[in-house]
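Here's the structure we're looking at; comments come further down.
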Amino acid sequence: MEGDPDLQFLLQGGDLLKVRSSSWKKTRYYRLMEDCETMWYESKKTFKTNQKFLLDDISAVRIGRQSEGLKKYTEEHVECRCFSIMFKSCRKNLDLVASSEEEELLLWILSCLNKADKNRDDKLNISELKNFLHLINIEMDDDYTEMLFKKCDTSKSGYLAGEEIEHFYDLLTHREEIDVIYGEYAKTTGFMSPQNLVDFLIKEQREKATLADAHNIIQKNEPDENAKEKKLLSKDGFLMYMHHPDALVLNPDHREVYQDMSQPLNHYFISSSHNTYLMEDQLRGPSSTEAYVKALLKGCRCVELDCWDGSDDEPEIYHGYTLTSKILFKDVIKAIKEYAFKVSDYPVILSLENNCSVKQQEVMAQHMSSILGSALITSPLGDGMPINFPSPEELKGKFLIKGKRLNKLEASFAPEGEEDDDTDMTEEEDDEDEHEEEQRKKKKKLKLAKELSDMVVYCRSVPFHSFEDARENQSFYEISSFKEGKAMKLAEESANSYIRHNVDKLSRVYPAGSRAGSSNYNPVPLWNAGCQIVALNFQTTCTNMDVNQGRFLVNGKSGYILKPAFMRDIDTEFDPITLTRGDWLKPKTLHVMVISAQQLPKVNQKESSIVDPLVKVAVYGVAADNAEKETSYVENNGTFFCQTPHTCAFPLGVVSKCILGNHGFNPEWNETFQFDVYVPELALVRFTVEDYDSVSDNEFIGQYTLPFNSLKMGYRQVPLLNRNGDVLPSAGLFVHIMVLDAE
C-alpha cells in the first residue's frame, strides 16, 4: 500500500483525546508503526512501558459513545467522533475521541481491513475482499464481486492495494439518490450556486431560506477550498450538509429548550421512572446507584426510592418482599445529587415509598438535608400559602420530595401551637405491587417522622377515590398514584374527567405488579388523558420505552414537555376517544417516502449473516391517529447493481426520477406511505428498521421516534438509535417528508 494517503496518515499519526473520567481527559499521540501491525502511543508517565499494542490484540472497534465511560464523561455532540477499542485480553478498553469524523471512520475501516487481510501483506485478494464485505455487512453476488474486483484492479495484479482499495470502497458507498437530487439543482457548471441552493431549500425542504443562509451553508460544509472561494457547493459539500444536524428530520430549533417553561409544574409531561434502583427484573435482580445515574442521564426527572429499615440505623433501598439486592439510601442520594442536572437544569422529583421506622425516617431526612442542601425544597416559594405550583423555570436546579405528609400544607402557616402533631398516617394506595398488599393490610397506619413530613411541600401523596371527591377535597399539591390498570380504565371510560383532573393536579401512573420482568405499558393513552408522571421501567429496552424517549427528545431533552393548551383548560371538552370538535382538531396528511438506508449494522455476528432490512413507519397518538405501515424487505442488504433510470413517486418534490444505484451500504426502497393525523399536538412518529425473518420474529436493527410537530419536511436523514437509545454511528434512513393540511 505504498503511497496510499490513508496509510500515510496513520503512519504519521495524530492526537486523540483519551477519556477515563470527567476530570481525566488527556490528549495522547497515536500512530501506526512501520510494521503496519503495531499501534504506538505517547504516555506522559516516566516509567510507562506498555506504550504499544498489536492490531491483532483488538477484538472490536465500537464506534460512538457506546461504552459506559464515553456515555458518562463526554457530551452528545461529540458522538460521531467517539470510539472505543476493545481488546481480546483483560486489558482495559481504550475510550477515545477523534478530532474529526474522518479520522474515526478511517480507524474503523483499518480495523476491518486488518481482519480481512489474513496474510498481512497489505493487499486484498478476491477471497480476502469477500471477507471484508462480510465484516462491513455487505452480501454481494460472487459474479458481481469479481466484476467490481476486476474493475478496481487497474494494475492487473490479481489483488487490490492502496488507491484500488479506496476506489472499491467509494463504489460501495456511492449515493445515487443524492446524485439525482443534486443534479436537479446543480445548474452552475456542475455545482450548486447560492441561488441554486436557495431554490432547493425553498422548493424541496419547505424552508424560508435566503442567499445569506446559502452562503453560510457553503462556508460550513464545502470541503473543496476552491469551490468555497467561488461560493459554490460541490456534491460532497451537499452530502455533508444533508448529514448536518440542522438538516436532519428533527427540527433543529426543538433540540434546545423552545417551550414556555414558566407555566405551573402540572402543565407539563414529566419524564418519570418506576423502581429506578432496579437494573433488571422486579423480583431477583440487582439494585444499583448506577440505575439512577443511567435514568438521570436519559433525562428522567422523577425517580423512585423504595425505602426500608437497614442495619446500623442506615435506611436501605430495594423492592420489598422480594430477593432484589439492597443499596444504602445515602449512596442513592449522593448519586442523584451528582448526576441530577448533568442533562437538564429542571427540577427532579424524588418519589419516596416510605416503609421505614420513625428513627430511620429521621436519618433519611438528615441525609437529604445534608447532601442536597439548599437545592432541596423544604418550604413553599414566596410568601404565604401558595395557590398553584411553581414553574419548572422557578424550580431550576431544585429537588422536590413526593411522599406522605402529616397534615395539610396550610397547617404550616397556622399560628404556633395549632399544628397537627399526630404522627399516625393512614397508608394509602400508592406504588405497591400485588404481592405487597397482604403485608400492607397488616399495618393500616404508618408512623411518620415530622422531619421527613415537613420536606413534602408540593407533592403530598394521597389516595384517589373519585374525580368528584378530588374536586371537593384534594388540594392542588396533593398527588395520587394510579396502578396501570386503573389508570388505563379511567383513560378509556372517563378521559375528559381525567384531563380536567390533571389541569390543576398531578397524577402518577406506575406499572402493574404482574410485570415481574420489568416490561412496560404503552404511555401514550395516559398522556392523552393528561397524566404528567407516567413512570416506566427505564432499564427495559422496548418499543414503549422508545416512544417515551421520543416524547422527551425535544425541548432540550429537559424532561419537561408543555401539554397542549386544550389540556391546560379546566373547562376543556377534549376527549381523545370521541374526538368532538374543538381547537385540538387540526387534521393533517403525512406523506412519507422511505428512499434508502445507509450502513446498517449486522444484528447477527455470525460471519455469514447479512441483514434483509425493511422499514416500519408508525404514528402514535389518539386512537384515530394510531397506524403502522412497512416497506418490503431488501434481500441480503441489496445484492444487485442497476444503472437503468426509472420513475419513482417522490411526493410533491421537484425531483421525479431516481437511478437505482448500488445497494452495498445503501439498500433502497422508494416506497411511499400516507397517514391521516387528527390531533398532531399529541402525535409521535416512529421509524424502525428490522432484519426480516420468514420463520421467526424480525430482529430489531434501529429506530428513531420524535413528535409529529417536530418533523422537518423535504429530503431528510433519520438517525438510528440502538436498543439502549444510543446513536448507531453512520447508520441512518433517507426519507422524504411532506405534511399537508387535510381537506
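All residue numbers here begin at 1 and follow the chain in the order shown.
Every residue gets a Cβ built from N, Cα and C, even glycine.
Where the annotation comes from TrEMBL, it is an automatic prediction and has not been curated.
These figures come from a predicted structure and were not determined experimentally.
Record features (TrEMBL):
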type     : residues                              : note
BINDING  : 18-45, Lys402, Lys404, Ser481, Arg508 : substrate binding site
BINDING  : Asn275, Glu304, Asp306, Glu353        : Ca(2+) 3 binding site
BINDING  : Ile610, Asp612, Asn636                : Ca(2+) 4 binding site
BINDING  : Asp691, Tyr692, Asp693                : Ca(2+) 5 binding site
COMPBIAS : 416-436                               : compositional bias 'Acidic residues'
DOMAIN   : 104-139                               : domain 'EF-hand'
DOMAIN   : 452-568                               : domain 'PI-PLC Y-box'
CARBOHYD : Ser155                                : O-linked glycosylation site
Spatial separation of Glu304 (Ca(2+) 3 binding site) from Tyr30 (substrate binding site) - C-alpha basis, Å: 45
Inter-residue C-alpha distance, Lys402 (substrate binding site) and Glu353 (Ca(2+) 3 binding site) (nearest angstrom): 9
Spatially closest candidate among Ser155, Asn275, Asp306, Glu353, Tyr692, the listed recorded positions, to Lys26 (substrate binding site) (Cα to Cα): Asn275
Helix, strand and coil residues within the domain 'PI-PLC Y-box' (452-568) as assigned by DSSP: 49 helix, 20 strand, 48 coil
Among Asp691, Asp693 [binding-site residues], residue with fewest other Cβ within 10 Å: Asp693
Fewest other Cβ within 10 angstroms of its own Cβ, chosen from the binding-site residues Glu34, Glu304, Glu353, Asp612: Glu34
Additional residues surrounding Ca(2+) 5, by Cβ distance to the Asp691, Tyr692, Asp693 centre under 8 Å: Val611, Asp612, Pro613, Leu614, Tyr633, Glu690, Ser694, Asn698, Glu699
Local Cβ density at Lys18 (substrate binding site) - other Cβ atoms counted within 10 Å: 17
Glu353 (Ca(2+) 3 binding site) and Asn636 (Ca(2+) 4 binding site), Cα-Cα, nearest whole angstrom: 51
Densest Cβ neighbourhood among Tyr30, Tyr692 (binding-site residues), 10 Å radius: Tyr30
Listed binding-site residues among Glu34, Thr38, Asn275, Ile610 whose Cα sits within 10 Å of Asp691 (Ca(2+) 5 binding site): Ile610
Fewest other Cβ within 10 angstroms of its own Cβ, chosen from the binding-site residues Lys26, Lys402: Lys26
Top Cα neighbour of Glu34 (substrate binding site) in the set of binding-site residues Glu304, Asp306, Glu353, Tyr692: Tyr692
